[in-house]
Amino acid sequence: MKLVEVKHPLVKHKLGVMREAEIDTKKFRELATEIGSLLTYEATSDLETEKVTINSWNGPVEIDRIKGKKVTVVPILRAGLGMMDGVLEHVPSARISVVGIYRNEETLKPVPYFQKLASDLEERLAIVVDPMLATGGSMIATLDLLKAKGCKHIKVLVLVAAPEGIKALEAAHPDIELYCASIDSHLNEQGYIIPGLGDAGDKIFGTK
């Protein structure tokens, strides 16, 4: 599995602000979008381009254009919605495929409850977004679902990843790419990432 921890100063600064205990919902939401955008920039750096000729203000000119790669953004509900707009800033024509999976707080196991996927997944690059990669259970279940529907090319974007989740994801899906803003220390007994961000979904949606 390709693992990239994006260490750009802007990413580190924005993530540091997100860790503040008293951050408000508006700021947390804005920063999730901004880091999602920066991770997308990194994750799409290998997209192939081709030369095409267009009519410019000064006549025909040859330009670079992304070569026929269709994209679907896959936010894992609900927290993944907080990163979705950051991806769409760069690929505004992407289809949106939604997967609903929540983590049982007692067993820490993923529980699927909703899916609405693009019809031609086998032809698309899937960019899966979720702020936290903790145990990896929800992400693994999502990727299992995408692959069962024919998706062959998957990149995962998360804000914060725990070593335990990275290990589990690599064991289950060694062929995918994972981009994160930080690899944090560990999971606590409740399955939360330390130091982490707290409950990212609650902070994005202003709920408790």
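Backbone N, Cα and C define each Cβ position, glycine as well.
Taken from Swiss-Prot, the feature 5-phospho-alpha-D-ribose 1-diphosphate binding site applies to Arg78, Arg103, Asp130, Pro131, Met132, Leu133, Ala134, Thr135, Gly136, Gly137, Ser138, Asp199. Gly136 (5-phospho-alpha-D-ribose 1-diphosphate binding site) falls within neither a helix nor a strand when secondary structure is assigned with DSSP, and so counts as coil.
Sequence annotations record features per position, and here Swiss-Prot assigns uracil binding site to Ile193, Gly198, Asp199, Ala200 based on sequence analysis. DSSP assigns Asp199 (uracil binding site) to coil in the three-state reduction, placing it in neither a helix nor a strand.
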Practice prompt. Just jot down the residues in the same chain as Ser138 (5-phospho-alpha-D-ribose 1-diphosphate binding site), at least 6 apart in sequence, with C-beta under 8 A of its C-beta; none if empty.
Written response: Ile76, Ile101, Tyr102, Arg103, Pro110, Asp130
Practice prompt. Could you tell me which three-state DSSP class Ile193 (uracil binding site) falls into?
Written response: strand
